[in-house]
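What follows is a set of notes on a single structure, which appears directly below.
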Amino acid sequence: MKTSLKMQLLKAKKEGYALAAFNFDNLEMMKAIIEAAEEENSPVVLMVTESAAKYMGLDYVFALTLTAVNNAKVPIVLHWDHGFDISLIKKAIDHGFSSVMLDSSLKPFDENIKETLEVVNYAKNKGVEVESEIGHVGGKEDDRNSKANGYTNVNQAIEFNNLTKIDALAIAIGTSHGLFKGEVKLQFDLLKEIAAKIKTPLVLHGSSQVPLKDLQQAIKLGITKINIGTDLKIACSNALRQWFNENPNDFDARKYGRFAIEAIKKEAIKKIRAFGSSNKV
Ligand code: 13P
């Protein structure tokens, strides 16, 4: 069933866990995320990025995700992730997404505020919630490869949060998107300070390949939504490589597809358990 981002994040904050927010790029990944949530009796965030939606086809994504979410036995937040194009964000809002993220984090502060307000005003009228980013989480996020990485400035974050009244705030505390992050050193003191001064639920992007104990520490300090993209892609492609090594003559998409779903699901369940959201429906 479809659920509200804000309601789930406030519940997570109160009860001391975080919601796993998973990106998907194809049917197998989407099914694995929903099955993982159902098996763990956990709420999750099902996310599609703008570029993934373009790859799959916007209309297919709208139809598929609404069916998946409506049929799911556990609460699912349907979330438009890393929206750069406001007209597409508005389409996602019109099509019944629970929440949308605008990523104008590389733009000047005033412009980020202005664009966030435009999305908030549009979304609020339709009962849809908004996440926006202050500071910049760089790295490889689908089609964008950003070398910039800027920690969140606490005063800017407070002002941004007060002016925009968003429902979830993505902050930059040392992670980056994608596979090659080097050594990740999360700035826990910065997180602590932001969490002490901002009551809006906080979101961590770029969380694949980050040690689970660091993510658990971030949850203790106030992160309530943890975005995972790359780790599910790795699980999917490693499974397919293994399948074709072991079954070089196979061509049945349903067999290797199912094998991939099981591997992705295992990875998703690992995260759900580590973030403490099992049995939190
Ligand atoms: P990773 O691919 O590094 O997990 O980042 C995903 C993300 O933050 C999506 O918003």
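Cβ from N, Cα, C; glycine included.
The active site, proton donor annotation in TrEMBL covers D81. What TrEMBL records for H82, H177, H205 is Zn(2+) 1 binding site. Annotation source TrEMBL lists Zn(2+) 2 binding site at D103, E133. Feature annotation from TrEMBL assigns dihydroxyacetone phosphate binding site to G178, G206, S207, S208, N227, I228, G229, T230.
DSSP assigns G229 (dihydroxyacetone phosphate binding site) to coil in the three-state reduction, placing it in neither a helix nor a strand. The separation of T230 (dihydroxyacetone phosphate binding site) from H205 (Zn(2+) 1 binding site), Cα to Cα, is 11 Å. Residues N23, T175, H177, H205, Q209, D231 surround the recorded dihydroxyacetone phosphate site, their Cβ atoms falling within 8 Å of the Cβ centroid of G178, G206, S207, S208, N227, I228, G229, T230, which are themselves excluded. Considering only the binding-site residues D103, S207, T230, the residues lying within 10 A of D81 (active site, proton donor) on a C-alpha to C-alpha basis are D103.
Counting other Cβ atoms within 10 Å of each Cβ, the lowest count among the binding-site residues G178, G206 belongs to G178. Taking a Cβ distance under 6 Å to any atom of ligand 1 as the criterion, the binding-site residues D103, E133, G178 reduce to G178.
Using Cα positions, the member of the binding-site residues H82, S208, N227, T230 nearest to E133 (Zn(2+) 2 binding site) is identified as H82.
A separation of roughly 5 Å, to the nearest angstrom, links the Cα atoms of H82 (Zn(2+) 1 binding site) and D103 (Zn(2+) 2 binding site). DSSP assigns G206 (dihydroxyacetone phosphate binding site) to coil in the three-state reduction, outside any helix or strand.
Between the CA atoms of G178 (dihydroxyacetone phosphate binding site) and D103 (Zn(2+) 2 binding site) there is a gap of 16 Å.
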